[in-house]
Amino acid sequence: MQPFIEMNKLNLYYGEFHALKDVSVQIPERAITAFIGPSGCGKSTLLRTLNRMNDRIPGARVEGRVAIGGIDIYSGEVHVESLRKKIGMVFQQPNPFPKSIYDNVAFGPKQHGIRGKKKLDELVEQSLRSAVLWDEVKDDLRRPALSLSGGQQQRLCIARALAVEPDILLMDEATSALDPISTFKIEELTHELKDRYTIVMVTHNMQQAARVSQQTVFFLNGEVIEHDATRQLFANPVDSRTQDYISGRFG
Amino acid sequence: MIDMNPSTNSKAPAELGQSFGKTSGSKFDRKARLRWSNQLFRMICIGSALFVCLVLLCILVLMLRTGVLTFSNVSLTEFFFSTNWDPENEHYGALTFILGTLALTSLTMLISIPISVIIAVFLAEMTPKWLRNLLRPVLDLLVGIPSVVYGFLGLTLLIPWLRNLSGHDLADGLLAASIVLTIMVLPTISRISDDAISAVPNKYRDAAYALGANRFQTVFRVVLPAARSGIMYAVILGMARAIGETMAVVMVIGNTAQLPNSLFTPTAVLTSNIVMQISSVEFDSTWNYGLYMMGFILLAISLLMIVAVRILQKKGGRYS
Ligand SMILES: Nc1ncnc2c1ncn2[C@@H]1O[C@H](COP(=O)(O)OP(=O)(O)O)[C@@H](O)[C@H]1O
Ligand SMILES: [Mg+2]
């Protein structure tokens, strides 16, 4: 498969702290790649290097190369806002804006200059359908987003991310704050989305990685320990640390 | 379950056990005690709320009781719709002052709200930490400066400058007063708004930036709306201060009971007129009653404005 996201000798420092060490990973297009590893090993940090959200953290410094579709996203020519438009992100805690459901989904497109009620209505409906939330909210899109349940809020956040028509979806432990049923719904959803989007998900739930991803990267202390097809990695891990982790001996 | 009943371990030699036994008693168990203290707390809360309402009511009644005596000699229409305030010749039209207060407050808010919000956004979102740590205490200090001092600044710096600028011989008037008031309420509104903006959770900013919004969009379309109720609160406080401010206004407004035909014409507002005249009137004269009535109107205007802002806030706050 053609690699879509390529990280090459990527290093990230938070001040003195070396958070990502020589990370080289290739992520295929239109598939789900899962990053697993114990808490604090740098999964979120890595995810944030992909849409340059680390730019917002004072003292964070990136070295090495990250290319998406062949373009080095840390080169001077890249416009950060346009980059982020192409890369949706879903966070650990559902974080819909304190606005209506409609305004949440329409927010991104509006910031990127899409005007006109008809076009926005269409985008909102289409995004909510893609996030399998439409049927639950279509009766009152003016409802405050914060009145939805946690699982619905997270799907709303996915819809909001999809509304700017990204190519990539980053999900940072997007189900860890949710109940099993909501988790299941979102896993189902990612399964449907993977035909249209390149999904990179961080999870510390190994069963989830095994259930939904095609590729799995095992991460420890800022280093890539093992990267393989998910089935392969869980069935025949090469590194003993991977073996220890997936058999639940630590983490 | 942990056995909390002290009677079962009465043999325990430890002091803790002893004192436990004393305070909780054998019949008077924890639950009842809790319920009782909850009740007590409730009563205190309700009591203080009632007390506050009572105080407010007393103030209103006190002002109104003396104020209404005006109308035994002056008609309602004259008082509220005439601009002729000339008590020596039995003319008691208060419209100039009422309009003056409304105009002064509106003008002040018109100038101060945008500036304060911009200062607050700057402080909360854009300033480097060291500058923020310097500016916040300075603004907090400015809140506490006595209003006479602001009046002096207005007299010695602002008025001469306005004279040059406008070409009027006297630049005292609504503009001078509203600029002085703006400087007075600016620290209040901007610091409270600053706190409200700083209290907006970072997760909203993250969400906006991750969608490709730039800083301007994030601040104005996500952060400020999320901080709206706090900013409203800041505005109410600022407005209450502006409506009731007397000293600084007296010093720069010109104190002439006339409807101004420009922002540079000397005029008067409720507060300035009351304070200029109250010490020289006879105790049981219509003049005195008229000033009380003006005090009551002042009170009513400020209460109404606060209620109006609350209602606006409720309407707009559906999504927060
Ligand atoms: N903003 C930050 N500043 C300094 N250190 C950070 C920051 N964010 C994360 N770290 C550190 O980087 C390491 C990786 O964190 P993170 O990427 O959040 O791990 P994970 O998502 O795998 O739990 C941790 O040791 C964490 O303490
Ligand atoms: Mg994390």
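Even glycines carry a Cβ here, placed using N, Cα and C.
Those TrEMBL annotations? Automatic predictions, nothing curated.
According to TrEMBL, the feature region 'Disordered' maps to B:1-25. If you look up TrEMBL, you'll see B:1-11 marked as compositional bias 'Polar residues'. Annotated transmembrane segment per TrEMBL: B:40-64, B:94-126, B:138-162, B:174-193, B:231-253, B:289-312, in sequence order. Residues or ranges marked as domain 'ABC transmembrane type-1' by TrEMBL: B:98-310.
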What residues elsewhere in the chain lie close to the transmembrane segment (B:94-126), defined as a C-beta under 8 angstroms and at least 6 residues from its ends?
79-83, 85, 132, 135-136, 174-175, 177-179, 181-182, 185-186, 189-191, 193-194, 196-198, 215, 219, 223-224, 231, 234-235, 238-239, 242-243, 249, 253, 257-260, 263, 267-271, 273, 290, 293-294, 297-298, 301, 305
I need to check the long-range neighbours of the transmembrane segment (B:231-253): which residues 6 or more away from its ends have a CB within less than 8 Å of a CB in the stretch?
100-101, 104-105, 108-109, 112-113, 116-117, 120, 146-148, 150-152, 154-155, 158-159, 172-174, 176-177, 180-181, 184-185, 188-193, 196-197, 224, 266-269, 271-272, 274-276, 298, 301-302, 305-306, 309-310, 312-313
Close approaches to the transmembrane segment (B:174-193) from elsewhere in its chain (Cβ under 8 angstroms; 6 or more beyond its ends):
100, 103-104, 107-108, 111-113, 115-117, 119-120, 123, 136, 139-140, 142-143, 147, 150-151, 153-154, 158-159, 162, 227, 230-231, 233-235, 237-239, 241-242, 245, 248-249, 251-253, 260, 263-265, 267, 269
